[in-house]
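In what follows, a structure is listed as structure tokens, so that the remarks can point back to it.
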Amino acid sequence: MAAYDSLMVFTGTANPELAQNVVKHLDISLGRADVGKFSDGEVAVELLENVRGRDVFILQSTCAPTNDNLMEILTMADALKRASAGRITAAIPYFGYARQDRRPRSARVPISAKLVANMLTSAGIDRVLTVDLHADQIQGFFDIPVDNVYATPVLLKDIRAQRFDDLIVVSPDVGGVVRARAVAKALNTDLAIIDKRRPKANVAEVMNIIGDVSGRTCLIVDDMIDTANTLCKAASALKERGAERVLAYATHAIFSGQAVDRIKNSDIDMVVVTDTIPLTAAAKACPNIRVASIAGLLAETLRRINNEESVSYLFNEELVATGACLP
């Protein structure tokens, strides 16, 4: 009998390697399902084992191809519901469609994050688990419980293992100050802020650096790296101000377009990301990019949800500061 007899984990095609690592930590087998496509491109899902009354988790990021991966979650949830699963949790480490979380004044645009929340709920999902939401307020778009866990303990563990000298934490923009301040506090080090203005989407201009980075090892922390334009410009600005080294730690490795090439040819000494999104072949081959797995943290979170234990306990300030929250 498995260690967690009522817990089952299924996955789609988005990130099967992460799912395998999570169930390995839980000492259970990955749920068997046939996930593919019909000849016309429609998503096809069939569960290959009994789920009646079980506590089921669908572990799947909605990274690219975003629409296919989202539809796999929705169709799998429907299949689980019709097969009488006891509880269905969508564990979505990277929650796509999170960037449109409001309707700017006079703009005729959707609030896509709310739309996706409605779709997940309508499909029969009882609970959502995600990692480092792009905007915390998205939790309020759901009428079901949402656990937004943080990759901070995983990243801090990796940072401490590197034993960096003369470290200073850098927020890449004003919006990331809360995250950067929490990391700086846990590491008992200084904080710097990059003040930038973004003239249009995915284009950033570094304007000013608040804090003295001369001769320091600069640690940029962010929730995601998309095109890497902002990150590379920030690294150049820090080096121009006398930074000795520039490192970047981020949760989600989106790496759109020429992001990997930009990182490879930039002033960044090392980029560390988690495995919420699988790396492309180019990213895996890049010597400047390294992965710190979040599988252990996700496994412990799933275990706690299954056993009705506190999830917020994992992010107790003292435990995070010492690394004791990780399994």
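Using the three backbone atoms N, Cα and C, a Cβ is placed for every residue, glycine included.
Since we're looking at a predicted model, the values are computed, not measured.
Sequence annotations record features per position, and here Swiss-Prot assigns ATP binding site to ASP40, GLY41, GLU42, ARG99, GLN100. Sequence-distant contacts (6 or more apart, same chain, Cβ under 8 Å) of ARG99 (ATP binding site) comprise SER112, ALA113, HIS134. In this structure, ARG99 (ATP binding site) belongs to neither helix nor strand by DSSP; it is coil.
Summarising the annotation, Swiss-Prot assigns Mg(2+) 1 binding site to HIS134 and lists sequence analysis as the type of evidence. In the three-state DSSP classification, HIS134 (Mg(2+) 1 binding site) falls within coil.
For ASP173 (Mg(2+) 2 binding site), the number of other Cβ atoms no farther than 10 Å from its own Cβ, over all displayed protein chains, is 18. What Swiss-Prot lists as Mg(2+) 2 binding site is ASP173.
Sequence annotations record features per position, and here Swiss-Prot assigns active site to LYS196. In this structure, LYS196 (active site) is part of a beta strand by DSSP. Counting every protein chain shown, 18 other Cβ atoms lie within 10 Å of the Cβ of LYS196 (active site).
Counting Cβ atoms from all protein chains shown, ASP226 (D-ribose 5-phosphate binding site) has 19 others lying within 10 Å of its own Cβ. ASP226 (D-ribose 5-phosphate binding site) falls within neither a helix nor a strand when secondary structure is assigned with DSSP, and so counts as coil. According to Swiss-Prot, the feature D-ribose 5-phosphate binding site maps to ARG198, ASP222, ASP226, THR227, ALA228, ASN229, THR230.
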Top Cα neighbour of LYS196 (active site) in the set of binding-site residues GLU42, GLN100, ASP226, ALA228, ASN229: ASN229
Taking Cα atoms as reference points, rank the binding-site residues ASP173, ASP226, ALA228, ASN229, THR230 by distance from ASP40 (ATP binding site) and give the first. ASP226
May I ask for the distance between THR230 (D-ribose 5-phosphate binding site) and ASP173 (Mg(2+) 2 binding site), taken between their Cα atoms and rounded to an integer number of Å? 9
Within 10 Å, the Cβ with the most other Cβ atoms among the binding-site residues GLN100, THR227, THR230 is that of THR230
